[in-house]
Structures are given as C-alpha cells and as structure tokens.
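K.L.:
Checked Swiss-Prot, it gives:
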BINDING   13-18, ASP55, 116-119, 176-177, 205-207, GLU212  ATP binding site
BINDING   THR17, ASP55, GLU116  Mg(2+) binding site
ACT_SITE  LYS38  active site
BINDING   SER42  substrate binding site
Amino acid sequence: MTKRWFITGTDTDVGKTVASCALLQAATAQGYRTAGYKPVASGSQMTADGLRNSDALALQANSSQRLGYSQVNPFTFLEATSPHIASESEGRAIPLTALSQGLRQLEPSADWILIEGAGGWFTPLSPQATFADWVQQEQLPVIMVVGVKLGCINHALLTAQAIQHAGLTLAGWVANEVTPAGRRQAEYQATLTRMITAPLLGIIPYLSDIEENPVTTRRDLGHYLDLTVLRAAEREAVNM
C-alpha cells in the first residue's frame, strides 16, 4: 500500500521544500520508490520548457521515480501570491478533484509519496476551499515544518492544534533552522519539543550555502531525519 504524507508549514518561507527533499532522500535511502507532489505552486519562471516553479523542480529532482514536470506540479502560477488570488488572476480554477486525480496517477509508480502544500495550513485554493479541506478529504497524515525563529512557538502550536482538531494524524514535525543560530534558538527548540505531542523527526541546520548548492542538486539532507518514528505513527493510525 502506498504511503502518503502531507507536508505543511507554520508559515510561508519556513523551509517546507528543504524538509520535503530531506524526507524524499531519507525514504529513498531506505529503499522506497519515492515521488514528490507539489499540486499547486505560485511564484514561477517562464523557461524554454514552459512555466516552472523551483520548489516543484526540487521535488522532481529528489524523487527516485522518473516523473514529468506536470505530474509533480499540475497547477503552476506565475505570480508569487496566495494560490486563490493567482488562480483568479490567471482564470484557472483549482478543483480539489483535480488534486486528487493527480495524486492517484502517482500511486501506481511509487510506494512513498510526499505531498507539499503551499504556504501554511489554511492556505486558500478558492473562495470556498483551503488546502486543509483537501487534506481532510484525502485523510492524509501530516508532517509539520517549523522554521525556528522568534514567533515560531505560537505558530507551531496553533498549526498542530488545527491539524488535530481536523481529526488528522500529526505524524511528526521537522525543525528547520532558517537563520544562523541565535541566542535563544536552543530554547525555542526545547520548548517546541516539550509542547508538540508529535515526534520530532529531526533538525535541519541553517544551510549557509543554499544559494550555491540548492536543494535541486544537493543530496546531503536525508541524514538529518529519522523516519522510524513515522513508521510508528503509521502503525498507530492503523490501530485507531
């Protein structure tokens, strides 16, 4: 049976894609046939191959399965703004059924699929629906990425509470150090570990060379994470 995980963040720019690539690398190293799925992406560039989003390209590059770009990212928008605004501006609706259809198309070729959201948990996809609605519809276990910085504790606890109130499994969380280590960073992480009931999968350190060595090409991220706790969360979900 295909394992499916949804990656959300406590905010925009907290490192969801870095964490997603690390998870894909770790799962691939354990022998899984992996596929990254970024169903909706805004903030893209026009290339010779068409509109391309850097986050989606990173997921494509870190998937063990050979996937076409449109399989990884069926909804690509040019402007870097909330998907529901980009959707209205470009006149392209984002039906939840289409997101599910794209996911189903990946399942035959992969046994470990990582789905990366856009922005935070309640990011709107239309005036009526949010990403959270789709995740709840699909009953996906969730991995939360926390960008460790001032304010992250409140954002993380609110996001974790919303996920659990939706009746979904918060399978784990990743601490991503988005800035160089500050005076209180270790205390932020200790507080998060104590107050978030889900297990910590690992800490990704601040990557000072991310511009010169982007996640599209680097293969040194998977060792920061421990997937054994995900297997435990999966067993717990089955037994519920």
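The backbone N, Cα and C atoms fix where each Cβ goes, and this holds for glycine too.
Because the structure is a prediction, the values reported are computed rather than measured.
Map these features onto the structure and tell me what's around them.
P.N.:
Summarising the environment of ASP13 (ATP binding site), the number of other Cβ atoms within 10 Å of its Cβ, over all protein chains shown, is 10.
ASP55 (ATP binding site) falls within a helical segment according to DSSP.
DSSP assigns LYS38 (active site) to coil in the three-state reduction, placing it in neither a helix nor a strand. The Cβ neighbour count for LYS38 (active site), using a 10 Å radius over every protein chain in view, is 27.
When Cβ atoms from all protein chains are considered, those within 10 Å of SER42 (substrate binding site) total 23, not counting its own.
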K.L.:
Between C-alpha atoms, which of these recorded positions comes nearest to GLU177 (ATP binding site): THR17, LYS38, SER42, GLU116?
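P.N.:
Comparing Cα positions, the candidate nearest GLU177 (ATP binding site) turns out to be THR17.
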K.L.:
Out of ALA118, LEU207, which of these binding-site residues shows the lowest number of other CB atoms within 10 Å of its CB?
P.N.:
LEU207
K.L.:
In the three-state scheme derived from DSSP, which category covers GLU116 (Mg(2+) binding site)?
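P.N.:
Reduced to three states, the DSSP call for GLU116 (Mg(2+) binding site) is strand.
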K.L.:
Checking the contact step here: among the binding-site residues ASP13, LYS16, LEU207, which have a Cα within 10 Å of the Cα of LYS38 (active site)?
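P.N.:
So far as Cα distances go, none of the binding-site residues lies within 10 Å of LYS38 (active site).
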K.L.:
Identify all same-chain residues not among THR17, ASP55, GLU116 whose C-beta atom falls within 8 angstroms of the centroid of the Mg(2+) site's C-beta atoms; report them in sequence order.
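P.N.:
Sorted by sequence, the hits are ILE7, LYS16, SER20, CYS21, GLY36, LYS38, ALA41, ALA56, ALA58, LEU59.
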K.L.:
Which residues of the same chain, at least 6 positions away in sequence, have a Cβ lying under 8 Å from the Cβ of THR17 (Mg(2+) binding site)?
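P.N.:
For THR17 (Mg(2+) binding site), the qualifying residues are SER54, ASP55, ALA58, LEU59, GLU116, VAL215.
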